[in-house]
Amino acid sequence: QIKCDLIWSNKGKLQMCLIFFIVVNEFCERFSYYGMRAVLVLYFRYFLKWDDDLATSIYHTFIALCYLTPILGAIVADSWLGKFKTIVYLSIVYTVGQVVMAVSAIHDITDTDRDGTPDNMTFHVAMSMVGLFLIALGTGGIKPCVAAFGGDQFEDHQEKQRSTFFSIFYLSINAGSLLSTVITPILRGQECGIHSQQKCYPLAFGVPAALMVVALIVFIMGSGMYNKTAPKGNIMLEVCKCIGFAIKNRFRHRSKTFPKREHWMDWADEKYDKLLVAQVKMVLKVLFLYIPLPMFWTLFDQQGILMVQPDQMQTVNPILILALVPIMDSLVYPLIKKCHLNFTPLKRMTVGMLIAALAFVAAALLQLQIDVSMYIYTHTYTPHTHTPPTHIHPPHTYTLLQLQIDVSMYIYTHTYTPPPHTPCCILLVVRVWVLNWSMSYPSKVFLTCCFALSYRRFVNALGSPLNVTLGVGDIAPLSVSNYSLVPQGKAEFTIMNRGGASCLYSKELGFGSAFTLVIPSTFNIGSPDCWQAIQVVEDIKPNTIHMGWQIPQYFLMTAGEVVFSVTGLEFSYSQAPSNMKSVLQAGWLFTVAVGNIIVLIVAEAAQLPDQWAEYILFASLLVVVCIVFAVMSYFYTYTDPAEIEAQFRQPEHEPEEKKRDRVEMERKDSDCSKSKNHWNLIL
């Protein structure tokens, strides 16, 4: 009994050690990947000087490639090198790619005139593309192997421990994502360089490269303790040949004179081993179940359009995942089990999709509130003579927009009275032409009016130039500054003329407000009460919709992701035959790539005028897909790949001594398992 307990204890400690190596490796790898990705578009736009369209296209192409290369990595792992060697070799490729990206961002390499701008941009573009290709090959190639390799460290009867591993594995992914998303932009914000100081992209790419080196070293440290499953030859080629022969043989025997077979793959029995045919059946059955799943990833990838995201909101998803994964694994699922509810993996995935659909319904409801609080108003005044108008409309207390322009001692006031029930936030376009100068309100900048920044600008009606602090800068005589962003709260502006005289003006700014501050021609910059002469026009009132209202939809989306994605990883592993674990993991990741493609198709095909309608469209599509998946799941029969494979093995042909050793080992494992359960009951 004591011997059994020692074996069980040592085996558990070994597995915990192996989990540590694999999870730390995954954490470092995900930090490296998401850290590089966090500043990639900024690198394209501000270092390589690409326009938004090209930067976005290359970025999405890179992401799609990262989710297509897992198929290649899975084939190499299961057919040729094995999972361990595939992870090591492709991690080296991955690391080289990160280093190449860091080198490509060093502007001093080609900055011969030392002006801070690379002189040979072709070199940097070429290096960047080589680096991104190597990264996509590396991260995609190891992606299906690491999860499957971790699952290989557990015995068939250790389903609970394996499930816990996949939860911890998913936690490490999001922990790496969270930290890198916060840290890497900070590194990029530093200034570095040999001859000139620029934004430090080499540091932002170099730290992820260093973390990838750490990931590789940590993973190799556990080499002697891993359970390494040997590759079974070119299994993918055999599978394809087996499927092709079954289809061809079935077509040849399509006549009714030939007896029907239970499964169409049974037509391959005449040429291929029954074990291989059984394994192909298991894989095809799971892949068929994957057909509706890309729609979930379509919605998941739309998180970026769930309202306008301030920087604070970008970390909500990984933070919620870190909180929800242990809650689900340690509290929710055990509680459901105690209630004697059969909450199978496929049922979990169905519920996860429904929760994700609810997230988009919540987004649509919030968008409706934002849309109600926006009203588009256009007014244009063009004088027919050079004499400014003399009529003045008195302001009213209920006015949302009052635009006053003081020119040559004449005041033109336009008062806009909104229709009933128009809330606080207005999207407006106002153009006023006076003499030879003009001012206009941009129509797009106010789309962010529901969040934590305010817009303000100054109109200088004096005959001399002025300088305004807090990011406004110089304003020429009779001109208007551009709109600039100011954080919510109290803002203080210092207005100065060329003679050094100044005037301090302070204003409390609400969330999402927009102001025009008019400096009249009678403005006396040196007087103590000069600030009182400044006329304030509240273009947009502060909004009443706080950005915190986005949190419920993020919570729902993250809960759906945890229930759906973690379960999907475990399901893909548990239902895969022993020689195709990585292949099914790659199939799972392929659904993510297809989901990205659907996003582009639907976004182009569904030109809906309202954002809330687009949210409802996506939610409706997912509900329909969810119903289809639920029906497919109802007819799915869970299998035990190890048990099915055992039925086709022939242990009677084993040497007698080897057979006795195997039976004795199985008996000891069984005794240890029973002993473990016995002591657990006592404790």
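In case you wondered, yes, glycine gets a Cβ from its N, Cα and C as well.
A TrEMBL annotation is a machine prediction, not a hand-curated record.
Per TrEMBL, the features are as follows:
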- 650-674: compositional bias 'Basic and acidic residues' (COMPBIAS)
- 648-678: region 'Disordered' (REGION)
- 31-48: transmembrane segment (TRANSMEM)
- 54-75: transmembrane segment (TRANSMEM)
- 87-109: transmembrane segment (TRANSMEM)
- 121-142: transmembrane segment (TRANSMEM)
- 163-183: transmembrane segment (TRANSMEM)
- 203-226: transmembrane segment (TRANSMEM)
- 282-299: transmembrane segment (TRANSMEM)
- 319-336: transmembrane segment (TRANSMEM)
- 348-368: transmembrane segment (TRANSMEM)
- 583-603: transmembrane segment (TRANSMEM)
- 615-636: transmembrane segment (TRANSMEM)
Review point. Between the transmembrane segment (203-226) and the transmembrane segment (54-75), are there at least three Cβ pairs closer than 8 Å, leaving out pairs fewer than 6 positions apart?
Key: no
Check your understanding: For the transmembrane segment (121-142), which recorded stretch in the set 31-48, 163-183, 348-368, 583-603 gives the largest number of Cβ pairs separated by under 8 Å?
Key -> 31-48
Revision key, fill the gap. The answer for the transmembrane segment (31-48), taking Cβ pairs under 8 Å and residues 6+ beyond its ends, is 54-56, 58-59, 62-63, 66, 94, 98, 101, 105, 107, 121, 124-125, 128, 135, 139, 176-177, 179-181, 183-185, 188, 199, 201, 204-205, 207-209, 211-212, 215
Review point. Between the transmembrane segment (348-368) and the transmembrane segment (282-299), are there at least three Cβ pairs closer than 8 Å, leaving out pairs fewer than 6 positions apart?
Key: yes
Check your understanding: Going along the chain, which residues at least six beyond the ends of the transmembrane segment (163-183) come within the CB cut-off of under 8 Å?
Key -> 19, 22-24, 26-35, 38, 147, 150-151, 153-154, 207-208, 314-315, 317-319, 321-322, 325-326, 328-329, 562, 565-566, 569-570, 573
